[in-house]
Amino acid sequence: MKKHTESYWEGVVKSMGLVFGDIGTSPIYTLTVIFALTKPTEANVFGILSMVVWTLIILVTVEYAWLAMSLGRKGEGGTIVLKEILIRLLKPGRQIAFVGFLSFVGVSLLLGDGVITPAISILSAVEGLVLIPGLESMRLGTLILIAALIAVVLFIFQFKGTDKVAAAFGPLMVLWFGALTVSGLVSIATFPKILGAVSPHYAINFFRDNGISAFFVLSEVILCATGGEALYADMGHLGRRPIIRAWYFVFVALIINYLGQGAFALQHGDAKNFLFNMVQGQSQLLYIPFLILTILATVIASQALISGVFSIVYQGITTRIMPLMKVDYTSSHLKSQIYIGSVNWFLMLLVIFIMLIFQKSENLAAAYGLAVTGTMTITGIMMTIIFAHTTKKWKVPVAVAVTIVDVVFLISNLNKLPHGGYWSIILASVPFATILIWTKGQQALYRALKPLDMETFLLSYEQIYAKGKNITGTGLFFTREWNVIPPYVVHCIIRSNIIYERNIFISIVRTDEPFGLKSELKTGFGPGLDAFEIKAGYMEVIDIEKLLKKHDIQEKVIFYGIEDIATMNPVWRVFSVIKKLTPNFVQFNKLPASKLQGVVTRVEM
């Protein structure tokens, strides 16, 4: 969370580095892609610029900065937070199931987007090299190789933690937005009439004159708003106010640059890349420094997105919608600075694969946008339901209007499906299938295990304990709930008579708040039998050993259950493989290996 001592400008600069990289690098390719398909006549340029301005106002300012960011949980934002808010508001049943399904789709689309964004950002920046005198004949393969190498270096650096270099991200992005503003203003000065394009009537005229083709242009216009969802998703890192303050500056810089590119497009309609050609035309001397700044900005944008993917996956793990994975904490003072190796390398391979498949940023733009509009539509639907169930009912009409705009953009983006848009669906289907198999598998496994209730367990436990053949010391037994006894505990204590002088059932309960940590030792359930319950927020990092020491628990051995799944069902077979490949509960929580004792239970599913 944001420190209270942080100044106004510190918060703004940090936000620019951590939140606005993606949306801030959109000017590199947005208008270039649009005008490759639509001739840059005066009516078209004014109409499209008007659409860009109003897309940024409606989808980013209204939907995210105003509506979504008013829905935080202890300062946290994002799709999973919306789901947690809704679960509290709705009655159990179909509505909850629908919200769960929506949030799974939203999370999957965001994770799929985590592959396309770094690929298009880095490729589009590297393509600016061909405008440097002497490099005009650089081959496409060389450009892809340079982009792939930048991506590899970026992903290798993740393990070290970006804590040390993150301090430079903010100032670099301030420089980037400053450069966008200055180049935009210089270009606007050559054609001041372009400022009139902010009027919505040009967008309306464009729709009136072009009909259905104008509707499909929306699928390219959305490129200007990609990364808008980061305002809400990254709220937990910086707080609401610094992000909104920074957005005002970013918004102005983007609008000025898009208007400048529009003025340039009217005079140089045949330009290969409007941003790069515009800057090169203004100053040949400053073009190379600007290109270096562009590459740095796209790396920062990609970095923010990778950190966002780690954060989403961690939320998914702790809310039990995703399998456990090895998590490393790369910062001693920032809880949100995490690294998930398996996700990092998988993401790197996919980014390079996508670069090789699409080869050019304009080709990638054909696949880009579908996931973003899908995420925005889901956010709109979930927000509307929340406002309808709270005291903020007056926001419902605005949320409905914004969601309708989201749906219009989503439908226009369906046109991209045959042109590479299907990659968005393929990339999102991997996490979506994993989430579905994992959540359904966990439920089926819990039913198949047939756990005992505490009363039935105590009948046998007390008889065995009374015999007095108990092992000296303390034995810990991990259970999902302290009062529901899993089969492995029954096997250990009742069947095998492995019973200690002191036996403690330990359970971890994740609350629907992002942060907060409570631990409680409940004593006297039976002779030598206690329960230790840890309640933690779903973003909270738990040090179990520290909590045990705090309650003066000196454990001799820690028991945990391992399920050996036997099944003929192909879906449960996949679930079983995922379970075997991913760390188990005790590995995830980094407990001392010397004290651990896994107990295998064979389960028929």
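Every residue, even glycine, has its Cβ placed from backbone N, Cα and C.
Here the structure is a predicted model, which means the values were calculated and not measured.
Feature annotation from Swiss-Prot assigns transmembrane segment to 17-37 (among others); the stated evidence is sequence analysis.
Among the features that Swiss-Prot reports, transmembrane segment is placed at 45-65 (among others). With a cut-off of 8 Å between Cβ atoms, the residues of this chain six or more beyond the transmembrane segment (45-65) that come close are 23, 30-31, 34-35, 38, 194, 196-203, 205-207, 209-210, 214, 217-218, 221-222, 224-225, 228-229, 231-232, 243-244, 247, 251, 254-255, 258-259, 262, 265-266, 376, 379-380, 383, 398, 402, 405-406, 409.
Look at Swiss-Prot and you will find 96-116 (among others) tagged as transmembrane segment. Tertiary proximity for the transmembrane segment (96-116) is limited to same-chain residues at least six positions away from its ends with a CB under 8 Å from its CB atoms, namely 79-80, 82-83, 86-87, 90, 226, 229, 233, 305-306, 308-309, 312-313, 316, 321, 347, 350-351, 354, 364, 367-368, 371-372, 374-375, 378-379, 381-382, 385, 423-432, 435-436.
According to Swiss-Prot, the transmembrane segment annotation covers 140-160 (among others).
Tertiary proximity for the transmembrane segment (165-185) is limited to same-chain residues at least six positions away from its ends with a CB under 8 Å from its CB atoms, namely 13-18, 20-21, 24, 27, 157, 249-250, 252-254, 256-261, 275, 278-279, 282, 290, 293-294, 296-297, 300, 303-304. Feature annotation from Swiss-Prot assigns transmembrane segment to 165-185 (among others); the stated evidence is sequence analysis.
As annotated by Swiss-Prot, transmembrane segment applies to 211-231 (among others), with the evidence given as sequence analysis.
Among residues of the same chain six or more beyond the transmembrane segment (246-266), those with a C-beta under 8 A of the stretch's C-beta atoms are 11-13, 15-16, 19-20, 23-24, 26-27, 30-31, 35, 40, 42, 45-46, 48-49, 52-53, 56, 60-61, 65, 177-178, 180-181, 183-188, 190-191, 194-195, 197-198, 224, 231, 274-275, 277-278, 281. The feature transmembrane segment is assigned by Swiss-Prot to 246-266 (among others), with sequence analysis given as support.
Using a Cβ-Cβ cut-off under 8 Å and counting only residues 6 or more beyond its ends in the same chain, the transmembrane segment (286-306) has close neighbours at 17-19, 21-22, 24-25, 28, 113-114, 117-118, 121-122, 124-126, 128-129, 131-132, 150-151, 154-155, 158, 162, 169, 172-173, 175-176, 179, 183, 227, 230, 234, 276, 279-280, 344, 347. As annotated by Swiss-Prot, transmembrane segment applies to 286-306 (among others), with the evidence given as sequence analysis.
Taken from Swiss-Prot, the feature transmembrane segment applies to 338-358 (among others).
Feature annotation from Swiss-Prot assigns transmembrane segment to 367-387 (among others).
Among residues of the same chain six or more beyond the transmembrane segment (394-414), those with a C-beta under 8 A of the stretch's C-beta atoms are 55, 58-59, 62-63, 67, 70, 215-219, 222, 369-370, 373-374, 376-377, 379-381, 383-384, 387-388, 421. If you look up Swiss-Prot, you'll see 394-414 (among others) marked as transmembrane segment, on the strength of sequence analysis.
What Swiss-Prot records for 417-437 (among others) is transmembrane segment. Long-range contacts of the transmembrane segment (417-437) within the same chain: residues 104-105, 107-109, 111-113, 115-116, 316, 321-323, 350, 354, 357-358, 363-364, 366-371, 374, 571, 574-575, 578, each at least 6 residues beyond the stretch ends and with a Cβ under 8 Å from a Cβ of the stretch.
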Look at every Cβ pair spanning the transmembrane segment (367-387) and the transmembrane segment (211-231), keep those 6 or more apart in sequence, and say whether at least 3 of them are under 8 Å. yes
Using Cβ atoms and a strict cutoff of less than 8 Å, what residues sit near the transmembrane segment (140-160) while being 6 or more residues removed from its termini? 118-119, 122-123, 126-127, 129-130, 295, 299, 302-303, 306, 328, 330, 339, 341, 344-345, 347-348, 351-352, 355-356, 359-360
